[in-house]
Amino acid sequence: MDDIADRMRMDAGEVTLVNHNSVFKTHLLPQTGFPEDQLSLSDQQILSSRQGHLDRSFTCSTRSAAYNPSYYSDNPSSDSFLGSGDLRTFGQSANGQWRNSTPSSSSSLQKSRNSRSLYLETRKTSSGLSNSFAGKSNHHCHVSAYEKSFPIKPVPSPSWSGSCRRSLLSPKKTQRRHVSTAEETVQEEEREIYRQLLQMVTGKQFTIAKPTTHFPLHLSRCLSSSKNTLKDSLFKNGNSCASQIIGSDTSSSGSASILTNQEQLSHSVYSLSSYTPDVAFGSKDSGTLHHPHHHHSVPHQPDNLAASNTQSEGSDSVILLKVKDSQTPTPSSTFFQAELWIKELTSVYDSRARERLRQIEEQKALALQLQNQRLQEREHSVHDSVELHLRVPLEKEIPVTVVQETQKKGHKLTDSEDEFPEITEEMEKEIKNVFRNGNQDEVLSEAFRLTITRKDIQTLNHLNWLNDEIINFYMNMLMERSKEKGLPSVHAFNTFFFTKLKTAGYQAVKRWTKKVDVFSVDILLVPIHLGVHWCLAVVDFRKKNITYYDSMGGINNEACRILLQYLKQESIDKKRKEFDTNGWQLFSKKSQEIPQQMNGSDCGMFACKYADCITKDRPINFTQQHMPYFRKRMVWEILHRKLL
């Protein structure tokens, strides 16, 4: 033992540690013991160097790694350094020998905590140095003489689990897991997304800064697994470190109390992690820190403590604002934040919808006002046009168009009696006799190689539609009348001519004019059947125009073009020369220019009477009210094969 003591004897101000080929020297303080001011200074240096990065620290009382190579591999019991005041530290005597010093419980506790923190700091910053203190090297394992003299003795810990304490305090078995930047980024993104979700639902601002990763992950698992033991040590042991934190124990070293508060707060966070509804987080600028109230051995504390004691300026750590007792009822208003948010959104939507409806009503009112103004302005100008379209009453209607044409020599305008000759009683009896029931196939008139039966005559009775036989017979009578002196020569095509020309082309109808020269007459009459409607097209070689007449006001320029093309082909086929279309015009009479039918059955009568007036070079001066008269008159004319 004397040899061992001689080898371990050192100089007064120096300790030499041998590790492999390297020699590390630590210069000790010249005076004996550890003064509190120097310990506080070292603690302040440690705190200032690590405060910006260390988010969660932990509380543990151990010897300084720089002065005590013989550390505990397992956790010492809480009675050894928490409950009792028999905490021992190594000092240096005047002759260089190590000795124990037993200060007061408060200072000893702070020193032991600072020594433990110093040990952890030394481990984190100087891996090679801590390996030397632990008897390890980077390549080989050497056991120093001091370790042989003072072997490490494990101390059982009743408060903490052995596996967790060994993983925390044993540098030989603990391998710090490095957290990659990708993991930090993912965690930060998840926290930011959750913060935005909370802010959207509750309508409050949540400032949750980026957590630091300097705190080991295995420490959080160990602390969370032993939360029940920590709760007992925090709230039941009056002589423990928890009483110093919650009771805001004042000591001569302010930095030591700050570090202790941070350690205990981190313990409180992990031990109360299951009480998430009772923990309220806020921004670090709130300036207050709330502690729970317990009635075991902790005196009543105020709700607000200065945040400057726990967080340095510019720290990005999460700040625990208030920890509420689980027995305290939580205000129910926070659970209805989503409902209030929905109501607010609904109210905003309702206000927008009401504003939109108001604008729509204003636009409708403005449109109605403008429409009324336009109607009032056009009331006088369109009065005559509206009356013409409606034709009410028909008795007061006058001829729409009065065509002033140069009459040929020997022809004069006749009186109204000549235009509309009166039907005598004898003529009336004959017409009624035709309409009586009889043999429908009885031939009543025959001429122009056409035969008119009683069935055909019945189409002129009342509002029946005219058939092809009646129209073709009447057109032939117009051609026969045109042979009279002073009237324009007329040729009328069959009612099937235009339909055949349109569907089959010129080759299908070129033989229809084998015995007729269409270019030698003045007027060509072309009845046009549109399925259920009769119209008339007139080719006037004198005026060089093709005009379309429709009693319903229809426009059909296509029919006019088809007839003009027919004239070109007919001229080439019959006369062997081109038809000169220079000066020819195509017209479709508008509804304001010719009389319009006021029912759905007189279209055939209107087409025939258009042709009658045109072939006499007379104005079209009849109206809808004349249609019953024209029907009776046409019956008599067909029966006698002569126009009145």
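Using the three backbone atoms N, Cα and C, a Cβ is placed for every residue, glycine included.
Remember, it's a predicted structure, so these values are computed and weren't measured experimentally.
What Swiss-Prot says about this protein:
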type: ACT_SITE; residues: H533; note: active site
type: ACT_SITE; residues: D550; note: active site
type: ACT_SITE; residues: C603; note: active site, nucleophile
type: COMPBIAS; residues: 99-117; note: compositional bias 'Low complexity'
type: MOD_RES; residues: S57; note: phosphoserine
type: MOD_RES; residues: S117; note: phosphoserine
type: MOD_RES; residues: S132; note: phosphoserine
type: MOD_RES; residues: S157; note: phosphoserine
type: REGION; residues: 1-200; note: region 'Interaction with CCAR2'
type: REGION; residues: 92-117; note: region 'Disordered'
type: REGION; residues: 156-184; note: region 'Disordered'
type: REGION; residues: 283-312; note: region 'Disordered'
type: REGION; residues: 450-613; note: region 'Protease'
type: MOTIF; residues: 171-177; note: motif 'Nuclear localization signal'
type: MOTIF; residues: 574-577; note: motif 'Nuclear localization signal'
type: MOTIF; residues: 628-634; note: motif 'Nuclear localization signal'
type: MOTIF; residues: 635-644; note: motif 'Nuclear export signal'
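C603 (active site, nucleophile) counts 22 other C-beta atoms within 10 Å of its own C-beta, drawing on all protein chains shown.
In terms of DSSP secondary structure, the motif 'Nuclear localization signal' (574-577) contains 2 helix, 0 strand, 2 coil.
Per DSSP, the secondary structure of the motif 'Nuclear localization signal' (628-634) breaks down as 7 helix, 0 strand, 0 coil. Broken down by DSSP into helix, strand and coil, the motif 'Nuclear export signal' (635-644) contains 6 helix, 0 strand, 4 coil. Averaged across the motif 'Nuclear localization signal' (574-577), pLDDT for the predicted model comes to 90.
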